[in-house]
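Database features, via Swiss-Prot:
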ACT_SITE  D411  active site, 4-aspartylphosphate intermediate
BINDING   D411, T413, D833, D837  Mg(2+) binding site
BINDING   D411, K412, T413, E515, F556, K579, R613, T693, G694, D695, R807, K813, N836, D837  ATP binding site
COMPBIAS  1-12  compositional bias 'Basic and acidic residues'
COMPBIAS  1195-1209  compositional bias 'Low complexity'
REGION    1-36  region 'Disordered'
REGION    1181-1209  region 'Disordered'
TOPO_DOM  87-92  topological domain 'Exoplasmic loop'
TOPO_DOM  318-346  topological domain 'Exoplasmic loop'
TOPO_DOM  911-922  topological domain 'Exoplasmic loop'
TOPO_DOM  995-1008  topological domain 'Exoplasmic loop'
TOPO_DOM  1059-1078  topological domain 'Exoplasmic loop'
TRANSMEM  65-86  transmembrane segment
TRANSMEM  93-112  transmembrane segment
TRANSMEM  296-317  transmembrane segment
TRANSMEM  347-368  transmembrane segment
TRANSMEM  890-910  transmembrane segment
TRANSMEM  923-942  transmembrane segment
TRANSMEM  973-994  transmembrane segment
TRANSMEM  1009-1031  transmembrane segment
TRANSMEM  1038-1058  transmembrane segment
TRANSMEM  1079-1103  transmembrane segment
Amino acid sequence: MTVPKEMPEKWARAQAPPSWSRKKPSWGTEEERRARANDREYNEKFQYASNCIKTSKYNILTFLPVNLFEQFQEVANTYFLFLLILQLIPQISSLSWFTTIVPLVLVLTITAVKDATDDYFRHKSDNQVNNRQSQVLINGILQQEQWMNVCVGDIIKLENNQFVAADLLLLSSSEPHGLCYIETAELDGETNMKVRQAIPVTSELGDISKLAKFDGEVICEPPNNKLDKFSGTLYWKENKFPLSNQNMLLRGCVLRNTEWCFGLVIFAGPDTKLMQNSGRTKFKRTSIDRLMNTLVLWIFGFLVCMGVILAIGNAIWEHEVGMRFQVYLPWDEAVDSAFFSGFLSFWSYIIILNTVVPISLYVSVEVIRLGHSYFINWDKKMFCMKKRTPAEARTTTLNEELGQVEYIFSDKTGTLTQNIMVFNKCSINGHSYGDVFDVLGHKAELGERPEPVDFSFNPLADKKFLFWDPSLLEAVKIGDPHTHEFFRLLSLCHTVMSEEKNEGELYYKAQSPDEGALVTAARNFGFVFRSRTPKTITVHEMGTAITYQLLAILDFNNIRKRMSVIVRNPEGKIRLYCKGADTILLDRLHHSTQELLNTTMDHLNEYAGEGLRTLVLAYKDLDEEYYEEWAERRLQASLAQDSREDRLASIYEEVENNMMLLGATAIEDKLQQGVPETIALLTLANIKIWVLTGDKQETAVNIGYSCKMLTDDMTEVFIVTGHTVLEVREELRKAREKMMDSSRSVGNGFTYQDKLSSSKLTSVLEAVAGEYALVINGHSLAHALEADMELEFLETACACKAVICCRVTPLQKAQVVELVKKYKKAVTLAIGDGANDVSMIKTAHIGVGISGQEGIQAVLASDYSFSQFKFLQRLLLVHGRWSYLRMCKFLCYFFYKNFAFTMVHFWFGFFCGFSAQTVYDQYFITLYNIVYTSLPVLAMGVFDQDVPEQRSMEYPKLYEPGQLNLLFNKREFFICIAQGIYTSVLMFFIPYGVFADATRDDGTQLADYQSFAVTVATSLVIVVSVQIGLDTGYWTAINHFFIWGSLAVYFAILFAMHSNGLFDMFPNQFRFVGNAQNTLAQPTVWLTIVLTTVVCIMPVVAFRFLRLNLKPDLSDTVRYTQLVRKKQKAQHRCMRRVGRTGSRRSGYAFSHQEGFGELIMSGKNMRLSSLALSSFTTRSSSSWIESLRRKKSDSASSPSGGADKPLKG
């Protein structure tokens, strides 16, 4: 923040220096933000951005110019505009102008309508957000205003569960001391509630009349994208007060468990930190589009070459032969030489031969993409019945790109997980609870479990809580002391707040979902946390109210990884209760607990193996004298001016030792349904999945194991946590060394010390033996993304099977995606559900938003949306793969049929004096791509499939051809062109050879221009129809109708154009009456057509037959397998759920926030509001994933890792 030097210590508004009246910040770099409360006139001088957001690209005025500019970025559109201009020049126009202008206008119009429709829905979504209502204090009265009309300096009233409309300075709230609780999942992905507090001088401004008189001015930092930092000063009543991030409510947050609060708007609209992290809407193009632009340029070069050849031929012919015809065929007056005749002939042939890339290609592409989008929208298997939400293709231009994805970047919270924590299992005094066994002693699966435990004995039980093991409740009821102490610890050692609005209706306000789950479990098992004061905690233990004196809270932080409370019970006994990470607490236990420790560690291994989040519970008795002495030293440490945190940590370490082990808890962070199966399937499809989350490392790693991204079968999991550039570089170097040493050990024959180029190093790393994973923290990632280290990070990460980035900001998410796009040249997909994911969604080639959540920002920015992560496998492996396959087959066929059609003119030029005479009449040229051959190829492009959808999911390796660009690339393009040229040669020379000596039935000469044209045109239509029949892999009634219908339409139009009726109406246009009927009545003509068709098609049939038998690809094998299966009985395969076992690792994860204990002890948050507890659902099985993993590892050439694979830090 910049504060003018001349500002006095006692600030007064009248003394504001002239420099304050700055011009609009957007004219230059804004150095500081100034906002005065309740003074719109003053704030308007700075012309700050309004609170209106915009994700749309056009408006009414800009739509036409901007959209046309975008469309003419397509090389083909510019090419056709150029041809149209040429056709308007009479001297060189060999075809009517309407043959180009009609299709060009048609394709521009269709694309414009599609873009306008897409943008209309963006406008509609923007309006839904901008028109949300907010209560704004205007002229001393609270008025309902739309979000878009909120201005900087306005005072807004927020109520519970409302989204924050702009970046606000919290002034006051319904909670004591100006506290309020917010959920920031839309910003940083964390679901645990956070606390914000108004500064004391404004916390009492809860009355409208007081707020109306508030005229303080805030001077603070300019708009930026730093979510966790804010610095500013409030000047009011001749005093100044420092402001920090703890005083701010950011747009995208939700007010929770707070009845109301008031805030002063500091940043609005695009200046908010949320929008600063969102990035710009980019015009996305597919790799096929980019390739098409290149190919169109090549074709244009080929076209110029043909034009030059024919122009030179024209000049030579005119000079050598044409001079003889001058007597009765004189040149036009403007043509005075053979050279100039050749020059005009060049442009005429450019017009004639332009059909090698017809404009109808682009119309057809848009129609096909639209059809694919509708298939996605109509897919019932991607419809979520629970949320009544269908899948939606929000753009129609990226469908085939879905079949080429190599990297998926996924958010965690709300995307992979449900944000629901469930108390799943526990270990108490060496006994594990939570599993249910049948009469034979086998562990019961989820669907085989009996009714959940009945908690009806407890009137205060949470009815949503489910637990399946009745033996734990029996242990509580019989008064087992260890079990009672276990739940007593859970009911005392926490920072949860409680409220009871009605008798028996108890609500918990949990600062983290983990704590909410643990305290709720204790509540249902008879240890009900009822209330607290700054110095006491009241618990109902099996119906008896007991009040404990709260002596101290040893608060949680990410370094300690534990929290403790010290309480005195009614008998005067002092006891410390502690819960924390097993890696931390197990070293602080008394040696007498060793036997119990070994058993508990076995249980912890089991829980961690199931992907559960674990905590260890312990206690310690303290004598009065020791506690008093310790409390005095703690007080002195808390008052220290320097190294306060270090001194307190040392004091805490001292007391948290030699504790007695009670047991462990296992909480399930519930995954979205089908997440493990989806990740397994996508991994088998050679898609790498990176998780980018704002959550902490332990939580992210635990979810990695839960969803099977990380497994104990991995050779090693590298964890990068360096705080400096050197530390991060060293950790990345060691990771690469280990991977390369592993490859060397299996005979790759190189060492890390070998000097390798960057490209060679990358290829070596990607071929490493074994499976590795990389976990990197946000502060380390900031260094890894620096220009001089980003390649090292990328090489290391891409050599790993899984990558998890923790504590990352929205901007870092986008930077990671951009890094992969920049260097890997791979198709990327980003998927998320919150506003913190918008930036990476916009940056990736394809953005997917999870809909049905509270926030809609991710959906608004996305290209595709659906309600559950599991639908991603169907979007990619079915719709994406089919879209890519269909588009590739369509393009190959389209180029083939148009080269076969156009190149006939080239060969004809050598027999017509290079006069730019066409073989076909202009009506056939116009209708060939629009009527005669358009619908069959459209049907193939929309409906074709190589294997059914079930096989696409069953054989994910079918997805790999799209990733490798195997189905349409430069090689395939040249093959299609060669086939088209081959067909054109036969199409011209076989009829030419036959017609040279053929006669009609009456003995007259068969050869005339019109008969030859009809024969060639008919042969062409039949040959390309047979060819598309060969190319079609999935026949529908529509395919049959379009192919046979197109042939029928061709003959109908052909006979009509040569009929007496049209001649009578248009004698100058349709002069060749009866020519088609007479020509096609000749057996010689039909024999010629059949011969041409056979000679054109048989080599294709022979080649495909040989390839199918000698070198079939996977889709051929799958189709063959499918035929075999139809002849055999389908065998039912029973899949047994297999739990993950392996080496020891910590299952600890606890999403708690530091500083809450101090807040409780201060008594500032003792007045409570309600909390709606999360609903608990049963856990879904992910049994079959292990089989998929095993299947892949069996097929891999690298040997499996050893038994002990440590989690590397």
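Placed from the backbone N, Cα and C atoms, the Cβ positions cover glycine too.
Under 8 Å from some Cβ of the transmembrane segment (296-317) lie the Cβ atoms of residues 75-76, 79, 338-339, 341-343, 345-347, 349-350, 353-354, 356-357, 906, 909-910, 913-916, all in the same chain and six or more residues away from its ends.
Considering only the binding-site residues R613, R807, the Cβ with the fewest other Cβ atoms within 10 Å is that of R807. For the recorded site, D837 (Mg(2+) binding site), the DSSP three-state label reads helix. If you look at the transmembrane segment (347-368) against the transmembrane segment (1038-1058), you find fewer than three C-beta pairs under 8 angstroms, all six or more positions apart, and that falls short of contact. If you look at the transmembrane segment (923-942), the same-chain residues 6 or more away from its ends with a CB under 8 A from one of its CBs are 95-96, 98-99, 103, 355, 358, 360-361, 364, 367-368, 371-372, 886-887, 889-890, 893-894, 897-898, 901, 1013, 1017, 1021, 1024-1025, 1028, 1031-1032, 1036, 1038-1039, 1042-1043, 1045-1046, 1049-1050, 1053, 1057.
For D837 (Mg(2+) binding site), other Cβ atoms within 10 Å of its Cβ number 37. When each of the listed stretches 65-86, 890-910, 1009-1031 is scored by C-beta pairs under 8 angstroms to the transmembrane segment (973-994), 890-910 comes out highest. For the binding-site residues T413, N836, the greatest number of Cβ atoms within 10 Å around a candidate Cβ is found at N836.
Sequence-distant contacts of the topological domain 'Exoplasmic loop' (1059-1078) (same chain, six or more residues past either end, CB-CB distance under 8 Å): 1000, 1010-1011, 1014.
Among the recorded positions D411, T413, D833, the ones whose Cα is located within 10 Å of the Cα of G694 (ATP binding site) are D411, T413.
Put simply, D833 (Mg(2+) binding site) is 29 Å from F556 (ATP binding site) when counted between their Cα atoms.
Of the recorded residues, D837 (Mg(2+) binding site) and R613 (ATP binding site) place their C-alpha atoms 25 Å from one another. Within the chain carrying the topological domain 'Exoplasmic loop' (911-922), a Cβ under 8 angstroms from the stretch's Cβ atoms is held by residues 94-96, 99, 310-311, 313-314, 317-318, 321-322, 345, 348-349, 352, 904-905, 928, 988, 992, 1012-1013, 1016-1017, 1057, all 6 or more beyond its ends. A separation of roughly 15 Å, to the nearest angstrom, links the Cα atoms of R613 (ATP binding site) and T413 (Mg(2+) binding site). Pairwise Cα distances among D411, K412, T413, E515, F556, K579, R613, T693, G694, D695, R807, K813, N836, D837, the recorded ATP-binding residues, top out at 33 Å. Taken together, the residues in the topological domain 'Exoplasmic loop' (1059-1078) have a mean pLDDT of 77 on the 0 to 100 scale. A Cα-Cα distance of 12 Å separates T413 (Mg(2+) binding site) from R807 (ATP binding site). In the structure as shown, the Cβ atom of G694 (ATP binding site) sits within 10 Å of 27 other Cβ atoms. Taking the C-alpha positions, the distance from N836 (ATP binding site) to D411 (active site, 4-aspartylphosphate intermediate) comes to 9 Å.
Across the structure, R807 (ATP binding site) and D411 (active site, 4-aspartylphosphate intermediate) are spaced 11 Å apart at their Cα atoms. In this structure, the CA atom of D833 (Mg(2+) binding site) is 8 Å away from the CA atom of D411 (active site, 4-aspartylphosphate intermediate).
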